[in-house]
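Presented below is the structure to which this report refers.
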Amino acid sequence: MAVTDHGTGQGAEGRRAPAHGTWIESIPPAVWALGAVLLLMPALANDFVLYQIFGWTFILGMIGLSLMFLAGYGGMVSLVQMSVAGMAGYMVAIFGSSAIETISLGWPWYLSVPVAILIAVAFGTVAGALAVRTEGIYTIMITLAIASAFFYFTRQNYVIFNGFSGFNGVLPPQLFGVDWRQAVPFYYLTLFWAVLSYLAVLYVRRAPFGLALQGVRDNPRRMRALGFNVTAHRIAAYSLAAVIAAIAGILLTWQSAQISPGTAGVGPVIDILIIAVVGGLRHPIGPFIGALIYVVLSTFAIDILTGLGLAGERFRLLIGLGFLVIVFFSPDGVLGLWEKWRASGRRDPLTGEDRGEDRGGNREGGA
Amino acid sequence: MRRFVERNPFWSIVILVAVAVLVWSIFAVWPDWLVDAIGRKKIFLNALFNGITLGALYFLVASGFTLIFGLMRNVNLAHGSLYLFGGYIGYEIADWSGSWLLAFPVTFLVVAVLGVALQLAVFRRMQGQDLRQTLVTIGISIVLADLMLWIWGGDFFQILTPEWLSGPVETFLVTGVKRSSGDPIFLKYPMVRLVILAAAIVIGVGMWLLLNRTRIGMLVRAGVDDREMLTATGVNIQLVFVAVFAFGAGLAGMAGVVGGTFQSIAPGEDTRFLLASLVVVIVGGMGSIPGAALGALLIGLAEQFGSVYMPTYAVVLTFLIMVLVLAFRPQGILGRA
């Protein structure tokens, strides 16, 4: 089942850099401008904005990115990514140090972090191996069920996961003499990993594996006939997505210095889907846009609502309605709205035909 | 049945032995070694009955879910919200009129009307785009959950059972023998749960008859098999869709009244019952009513026996069953490949 509208997506992706000039020249000026703004942000914004707004945006964006990678290129909408992130957070608390000294093993970071990522990736891979036995809508249901099983298990298990209260006091290491929980270092830390995972997804998209994955998404039978191992490609996609989600999960745990079952509860799991869908599942930048909207809304919703004369607790209503409106009118999220707007600008006002470069027809997702 | 026995002689024997053990453990007076091993018979019987009644409740919720899915390929993730909404409406009706029985038809109607509104305003506009429908239902469930929290607050509500249903009733099942006189002790069980169980069975059988013996049921079954072909024969499929959606939603609402009677209703129950229906239909097989019944029974029993014999991981047990079913039979126990 095709999840996104590939007809138009491929047109933009398919454009190669011009043959002359180095690859640096092929980067559009908008990206340079965005990069400069992001790098110079600490000079412009205060600590709260850096730490709470942008730090959180990058982390949620990364988890959303792992969902986007699976959904956009693999055609598998997996709700288990937040649980993978939660697993990584738990493992870093268990193998590293936390305030719960009876459980935490207190390993140094260069051991606990890789082990945490490894275990989380193993978890994501096993969940993926179960989920790829199903297709389309079923994948959503099964991954949702796995995610809630993880939530209930962590809530009930006191020996390893410390039950309802989870772990607190999970702090990042004081590497290079920097306190990474300060606003500016944490901003750069999350920015670094967000950009790295974004670039990694961009690279994999054009790499043989990514192309094969997109082939599997569009026509698994044909890919199987061509000799590709469809199941292996799908499971490998889950593993790769789990790496991104695991790194984000560790950052998330360090940001709030705690991890508890609620971190990966059903609500947050759905929120990640909302983030990815609102941003757009077509391009890796989508989840970050969605995350920014979500974070800004959830941080300032109370102010907005009280400003409008409504009770501040109705923030879920605002998020839900916003999500509903976006899904209702633009299945491709904010990115879809942007492309629609650009396409309407290129359209000839008389004939209604495209006069720009040739773009594919407007196929709808789903069969 | 005979074909199943011929094809799977091994599994037939296993199932037969399991049924025999179950029947024996229900009717016989337990010997001391068994009591020492797994506790008293009363606990076992109570877990069994609670599991079956919980399964009945799950069946009421999940049958609508699986029917809607089977016909429209629409995973209605707002189904739990319909359940919770039904619970609140039922509470209001029972509280206002003082009649428990009146709450059922009124709730059925109100929630069915909500279902019709959803089908006409939302799902009809995005026919065939199943992912988009799923996302929209997530949005709807978030909005509905917050609206209900707004109206009814975060308190627990319990619908009061009427006089003639409250209190335990003595069943014919023996739990043990009095040590002094040798008289058998009979199991006492809440009347209301037995009534609900009977009602669920009646509804289940009624649904089976409706689906297999009437013209409407024939249309629905044909729609499940091949939607396009049914439309081509001149059937107004939109009408069938609306009817099925209304019926499924109404069932979920009625289940809300049932759940509000023998459990309670509060925010968060919507997610719980949505997940329960998901697991039930995954285990039983998507779009299959008998599958929903079997899955609901299995999950209800697993939850109750789990909470008695391994209390910490009772919830995880249900998901374990789901994972096992997925690993060995991805289409569900009674699902079609």
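Note that Cβ sites are derived from N, Cα and C of the backbone, with glycine treated the same way.
What TrEMBL lists as region 'Disordered' is A:346-367.
What TrEMBL lists as transmembrane segment is A:23-44 (among others).
For A:50-72 (among others), the entry in TrEMBL reads transmembrane segment. Within the chain, the transmembrane segment (A:50-72) has long-range Cβ neighbours (under 8 A, six or more residues past its boundaries) at 3-4, 41-42, 78-79, 81-82, 84-85, 183-184, 186-187, 190-191, 193-194, 197-198, 201, 204, 237-238, 240-242, 244-245, 247-249, 251-252, 255, 271-273, 275-276, 279, 281-284, 286-288, 290-292, 294-296, 299.
Within the chain, the transmembrane segment (A:84-103) has long-range Cβ neighbours (under 8 A, six or more residues past its boundaries) at 63, 66, 109, 111-113, 115-117, 119-121, 123-124, 127, 150, 154, 159-162, 166-171, 241-242, 245-250, 252-254, 259, 263-264. Marked as transmembrane segment by TrEMBL: A:84-103 (among others).
Per TrEMBL, transmembrane segment is recorded for A:109-130 (among others).
The transmembrane segment annotation in TrEMBL covers A:137-154 (among others). Same-chain residues lying 6+ beyond the ends of the transmembrane segment (A:137-154) with a Cβ under 8 Å from its Cβ atoms: 76-80, 82-83, 86-87, 90, 127, 130-131, 161, 163, 166, 261, 264-266, 269.
Residues annotated as transmembrane segment in TrEMBL: A:186-204 (among others).
Taken from TrEMBL, the feature transmembrane segment covers A:225-252 (among others).
If you look up TrEMBL, you'll see A:264-281 (among others) marked as transmembrane segment.
Here TrEMBL flags A:288-311 (among others) as transmembrane segment. Long-range contacts of the transmembrane segment (A:288-311) within its own chain (CB-CB distance under 8 A, at least 6 residues past either end) are made by residues 52-53, 56-61, 64-65, 194, 198, 271, 274-280, 318-319, 322, 333-335.
Feature annotation from TrEMBL assigns transmembrane segment to A:317-338 (among others).
Ranked by number of Cβ pairs under 8 Å to the transmembrane segment (A:225-252), the listed stretches A:109-130, A:186-204, A:264-281, A:317-338 are led by A:109-130. Distant neighbours of the transmembrane segment (A:23-44): 17, 50, 54, 183-184, 187-188, 191; these residues of the same chain sit at least 6 beyond its ends, with a Cβ under 8 Å from one of its Cβ atoms. Within the chain, the transmembrane segment (A:109-130) has long-range Cβ neighbours (under 8 A, six or more residues past its boundaries) at 78, 80-81, 83-85, 87-89, 91-92, 95-96, 142-143, 146, 172-173, 175, 234-235, 237-239, 241-243, 245-247, 249-250.
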